[in-house]
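See below for the structure under consideration.
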Amino acid sequence: MTANGEPGANSDESSLSTLPLPDIRTSPMPNGNGSHKSTTAIESQPKRRVSIISDAPMIGASAGAAGYDNLAYEQNPRRKISQTSTHSHTEIGPARRRSILKEPSLPSNDNESDRGSTHSFENYRQSALDVLNAKYQGHQQQVPLSQDGNGANYVEDSWIYTFCLKCRGEEPSESWEPSFWQKIFPYPLCPTFRTFSRLIVLILIGLLLWIVAFVIIGDTAAPGGQLFSLVVLTVAANFGGYIISLTTLPRLIGMLLVGILFQNVGWVDLDGDFSKVTGHLRKFALTIILTRAGLEMEPEAFKKVYKTILKLGIVPWIVEAAVMTVMSHFLLDLPWMWGCLLGAIIAAISPAVVVPCLFRLRTKGYGVVKGIPTLVVAVAGVDDALSVAIFGIISTIMFSDKGVGYQIAQAPVCILGGLAFGVIWGCVARIFPEKGDAYVVPLRTLMLFAGNLVAIYGSEELGFEGAGPLGVVFSSFVSNLFWCKDGWDVDDNPVSTAFEIFWMIFEPILFGLTGATIKIDELDSHTVSIGAACIFTGVIIRIFVTAGIACGDRLNTKEKFFVGLSWMAKATVQAALGPVALKNLSSDATDEERTWAEIVQTICVFSIVLTAPLGAILISVTGTRMLTKTKQPQVLSGWRRSHRPSIRDISIIDEEEEREDPEIPRDKETDNNTQNNAHLTNLSYTANK
């Protein structure tokens with residue numbers, strides 16, 4: 001070791017280590033003069049062996065003299081080439097050991113080290129990516145410092161860089177890709193090879209299925225046929241939903257807009273005999289929606305909070321349905337029965353909008369202590385079941401030609417019949433298949449799905465349409481009750497995950513078909529404006545009613561209004577039931593009845609367009625301001641892919657000890673009382689002794 005702290009010649013080899021070149025995405029590192037410069041990644045070059053021992057950083061003049069490495073390439077031109085160089089540290093900055101690019105056993109003299117360093121760059125094959133990184137590095141070194149001392153990164157902070165990262169998404173495991181992939185499709189501007197290969201697989205599967213369908217069906221599956229148009233609409237709706245999801249809005253908004261576009265441009269025609277096919281697809285989608293609602297209710301937690309769930313799920317629903325019924329009767333000239341039908345549809349909450357928004361808040365810790373996100377989701381399930389059941393009862397009364405006694409018997413028979421079917425089929429789903437079966441998950445999924453389809457179609461065939469939806473929700477609930485006793489968890493239920501996959505298939509079909517029912521040139525401006533006024537009036541009144549009846553549930557004022565705001569979004573039930581009234585009209589229906597059915601359909605679609613994006617935005621914006629955040633939010637894992645919250649952690653009226661929110665300040669008055677009464681326990685204990 002020399003006097004100036006520089007190691008001697010004997011420690012030259014021991015001071016060397018192999019260091020990989022830094023990545024382009026590494027954070028800026030401070031250099032000797034206090035500035036910040038980003039490093040550059042040249043992935044095509046081999047690793048270099050350099051010395052990691054240097055003098056203390058000092059400020060010096062520009063290093064432009066001979067005897068240095070290639071100045072056009074070097075990230076730090078102040079590096080000293082060899083230990084015997086004639087330039088002093090104070091003139092050029094910190095001195096480092098020479099680079100050993102090849103033949104590290106050569107003697108360390110000035111001439112050989114300088115020649116090896118000067119001509120070493122010729123050993124590399126410069127590619128287009130090298131030039132891009134070099135230009136990027138030069139740009140980064142010229143970026144001025146920000147107030148916090150960090151250099152601004154215009155590339156990584158740009159909108160296109162953020163957009164590309166958002167499009168890529170996160171992969172659950174490491175992705176394999178060919179060696180040439182990054183050179184042709186660099187990160188992050190292009191998708192990963194896994195995403196690309198998945199897209200190719202889906203395209204090939206769709207193409208093969210279309211070939212088979214064309215051979216079996218014929219012209220209907222050919223280009224220009226109605227089945228082909230439906231497939232194209234579904235694919236386009238899925239793509240439109242993906243584009244909208246990049247803005248954090250619900251996917252269904254993009255799907256609905258694609259359906260409206262296809263209908264009004266003339267790219268799709270699903271009327272005529274093909275309307276029977278679309279009607280069956282809506283029933284399949286409705287079955288999936290109600291099944292998922294039943295699977296989200298945990299029986300043990302439901303026992304503790306059923307009063308809160310029923311109170312917040314039924315009372316606000318009745319108020320909003322009544323407001324819509326009265327306003328549609330007096331402002332839109334709908335008969336009372338048609339107004340009740342419209343109110344039953346509009347009052348439903350959309351889990352497709354509410355759940356993703358609340359999950360984002362839940363993962364960040366907002367409202368977790370009081371179980372607000374899970375409460376909202378649980379009430380949404382009860383709300384949907386109530387809407388569909390009441391709609392079925394009213395629809396059966398309206399479109400049935402049977403006597404008054406039959407109509408009076410609708411309500412009790414539908415309620416009791418639906419509950420009875422749920423208990424019976426739930427018990428069957430527990431015993432068959434046996435819980436230790438290796439194929440228990442797919443068998444339970446198919447058993448539950450097939451039974452719920454029979455409930456929907458069977459109740460309609462028997463003339464008690466309202467019993468089917470109740471049976472679907474209750475059978476899913478009872479099945480989940482037994483499965484939880486067998487060891488499954490609500491948040492880690494593989495059957496629920498299977499129905500989420502089913503929903504991924506039917507969601508673009510449902511909302512694409514719903515959007516395709518709207519013909520803009522045939523809309524009545526009076527109906528649209530009055531309908532929008534009725535929708536927002538019902539929503540606002542429901543918010544205040546929810547906040548008013550939530551007294552005694554240990555929610556503060558902000559939390560009460562947030563719960564009301566989160567229930568304003570309409571989507572799934574409105575899309576499934578909106579066109580049903582028009583489809584149920586017989587061929588001899590009057591023009592007036594068709595007008596009423598079209599009004600119901602139009603208002604249902606516009607309720608989705610108006611409230612779904614607004615509800616998603618309000619939940620995301622107000623949730624961070626109205627809910628209390630915990631320091632350790634809950635993170636779900638396992639089978640759950642969408643990570644839907646369940647009601648298992650609701651503690652609003654739970655009599656057990658509440659979890660303490662670490663960010664709520666301690667109450668000074670409570671602390672003072674505790675300290676003043678601390679001696680009472682000891683005194684009583686002494687007296688007893």
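Every residue, even glycine, has its Cβ placed from backbone N, Cα and C.
As recorded in TrEMBL, the features of this protein are as follows:
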type	residues	note
REGION	1-47	region 'Disordered'
COMPBIAS	28-43	compositional bias 'Polar residues'
REGION	78-120	region 'Disordered'
TRANSMEM	199-218	transmembrane segment
TRANSMEM	224-245	transmembrane segment
DOMAIN	239-614	domain 'Cation/H+ exchanger transmembrane'
TRANSMEM	309-330	transmembrane segment
TRANSMEM	336-359	transmembrane segment
TRANSMEM	371-397	transmembrane segment
TRANSMEM	409-432	transmembrane segment
TRANSMEM	439-458	transmembrane segment
TRANSMEM	464-483	transmembrane segment
TRANSMEM	495-518	transmembrane segment
TRANSMEM	530-549	transmembrane segment
TRANSMEM	561-579	transmembrane segment
TRANSMEM	599-621	transmembrane segment
REGION	653-689	region 'Disordered'
COMPBIAS	662-671	compositional bias 'Basic and acidic residues'
COMPBIAS	672-689	compositional bias 'Polar residues'
Chain residues outside the transmembrane segment (439-458) and at least six past its termini with a C-beta under 8 angstroms from it: 283-284, 286-287, 290-291, 418, 421, 425, 428-429, 432-433, 467-469, 471-472, 475-476, 479, 483, 494-495, 498-499, 502
Positions whose Cβ lies under 8 angstroms from the transmembrane segment (409-432), at least six residues beyond its ends: 389, 392-393, 396-397, 443-444, 447-448, 451, 455, 459, 464-479, 481-483, 486
Spatial neighbours of the transmembrane segment (464-483) far in sequence, C-beta under 8 Å, 6+ residues away: 286-287, 290-295, 297-299, 381, 384-385, 388-393, 395-396, 410-411, 413-415, 417-419, 421-423, 425-427, 429-430, 444, 448, 451-452, 455-458, 490, 493, 495
Best-contacting stretch, by C-beta pairs under 8 Å, relative to the transmembrane segment (224-245) and drawn from 336-359, 495-518, 561-579: 495-518
